[in-house]
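A.B. asks: Pulled from TrEMBL, these are the listed features:
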| type | residues | note |
| --- | --- | --- |
| TRANSMEM | 16-35 | transmembrane segment |
| TRANSMEM | 107-126 | transmembrane segment |
| TRANSMEM | 161-177 | transmembrane segment |
| TRANSMEM | 184-208 | transmembrane segment |
| TRANSMEM | 220-243 | transmembrane segment |
| TRANSMEM | 255-277 | transmembrane segment |
| TRANSMEM | 316-337 | transmembrane segment |
| TRANSMEM | 344-361 | transmembrane segment |
| TRANSMEM | 414-433 | transmembrane segment |
| TRANSMEM | 468-488 | transmembrane segment |
| TRANSMEM | 500-519 | transmembrane segment |
């Protein structure tokens, strides 16, 4: 039997910091590279929370980048603004700091994201401390070296790693049977970023059935306890704004449904197919003589319309997407109600975010990280989980490519995806080769006949080897074809014609992969016993 290194040993901790150190070195090298308008968004939030009293935070309109995250994230920005003011007071000046792009501002914000990733490091450590060394190291590779997180947080610019630390901690405590702490951490997370609320129904059903069981009296006492914890967290976050009579304004900022069904860059979800069906149907009807007026907002141009108009198909409302998300999530909720097991919670949470990604309102490509990060904990459980994660992680990362549209960043995103693909392939291959070696040793100990033992070993190796089927290989080859067309052939053959086509192909092709992942996850949740 293989001797496993203790996950809490100094050597394991040192190894974890080596993983984080390598990732940090890459992030530091990326500081001068492209950043999106989100960098100015968060700089302005530093200025709002530093320059204005709390009662004006959610009313300020000095810039178009108004504060629209929950209060805990506003408090987090207020905390960072103290250090920003020490480095360069103009960073946090409400008026003079508008569109401030000095190196002091860029370096401070970039480094603040890197430092906040320490919380992701802690979340990964807690989530993997009871795993065997090989599986633990693999999860570290998948999360700490996630190419999607590098692209979104350290190029495009956001603070997702910090938030995923909270999510991983919450899932980890639930998996360990510490339901009250898991629920508390999830409530805190919701007060940092409300988009994580898609998994709230899973948490509610799971805690109600797993934590609040044990008879009427005990169940009611535990329900009261978890309810008091959640109320206390939300009171700490929203209480000051309730006191100032601003809760409606806060909610209005957090849920701007007027933004339209789709983001300016289409997320690869179900609504891509709906939009294209509407466009195709309208085009055919016009060809046969029907007078079909073109909608004011143009999905193919990447613009966001207030009414999410369609030429032929029924208009989609926020309530429609809400109902569809709940319908897609309902099998998982029924399963959780009947069989609330801690070891399935990571799967259920990831599936909930997949439903929200596919059918939600105004979904951004960045939300695919909500699927891939928690599924990293599941990927090491079985060969089929590993194959699914390998495909999903590539699709998720590739769907983020349109975020980095400048020429100088193209080699970076391609290299990140290639390195991730090669590294995860070899890691998964090593993991299941190791599992098979251990299995072979156990077979010998059974004292079966030599011929039976060899036959079993050969069959086991054939079944356990990490290898994709021809369908998955063909799909991944299609990713290469789509990228070659959009990056090289389309500009050469069509020039400036149909500028939306490359983005549309990326969205539609990645949407096929995400749809497959949704079906695969649902199947795995239902059939697992």
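Note that Cβ sites are derived from N, Cα and C of the backbone, with glycine treated the same way.
Just so you know, TrEMBL annotations are computer predictions that nobody has curated.
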A.B. asks: Taking the transmembrane segment (500-519) as the first stretch and the transmembrane segment (16-35) as the second, find out whether 3 or more Cβ pairs fall under 8 Å, excluding pairs closer than 6 in sequence.
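C.D. replies: Since fewer than 3 Cβ pairs under 8 Å link them, the transmembrane segment (500-519) and the transmembrane segment (16-35) do not come into contact.
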A.B. asks: Are there 3 or more C-beta pairs under 8 Å linking the transmembrane segment (16-35) with the transmembrane segment (344-361), counting only pairs at least 6 apart in sequence?
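C.D. replies: Judged by the Cβ rule, the two regions do not touch, with the required three close pairs absent.
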A.B. asks: Using a Cβ-Cβ cut-off of under 8 Å, list the residues of the same chain that are 6+ residues beyond the ends of the transmembrane segment (316-337) and lie near it.
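C.D. replies: Residues packing against the transmembrane segment (316-337) from afar: 198, 201-202, 205-206, 209, 257, 261, 270-271, 274, 308, 310, 344, 348, 351-352, 355-356, 358-361, 518, 522, 525-526.
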A.B. asks: List, by number or range, the same-chain residues at least 6 past the transmembrane segment (468-488) whose CB is under 8 A from its CB atoms?
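C.D. replies: Apart from its flanks, the transmembrane segment (468-488) reaches 387, 390-391, 394-395, 398, 401, 410, 501-503, 505-506, 509, 512-513.
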A.B. asks: Against which stretches of its own chain does the transmembrane segment (16-35) lie, if we need a Cβ under 8 Å and a gap of at least six residues from its ends?
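C.D. replies: Non-local partners: 106-107, 110-111, 113-114, 117-118, 121, 124-125, 137, 140-141, 144-145, 150, 154-157, 404, 406, 408-409, 412.
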A.B. asks: Where among 184-208, 220-243, 414-433 do we find the most Cβ pairs under 8 Å to the transmembrane segment (161-177)?
C.D. replies: 184-208
A.B. asks: Using Cβ atoms and a strict cutoff of less than 8 Å, what residues sit near the transmembrane segment (184-208) while being 6 or more residues removed from its termini?
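C.D. replies: For the transmembrane segment (184-208), the sequence-distant neighbours (Cβ-Cβ under 8 Å, at least 6 residues beyond its ends) are 69-73, 76, 163, 166-167, 169-170, 173-174, 223, 226, 229-230, 233-234, 236-238, 254-255, 325-326, 329, 332-333, 336-337, 340, 345, 348-349, 351-353, 355-356, 360, 367, 370.
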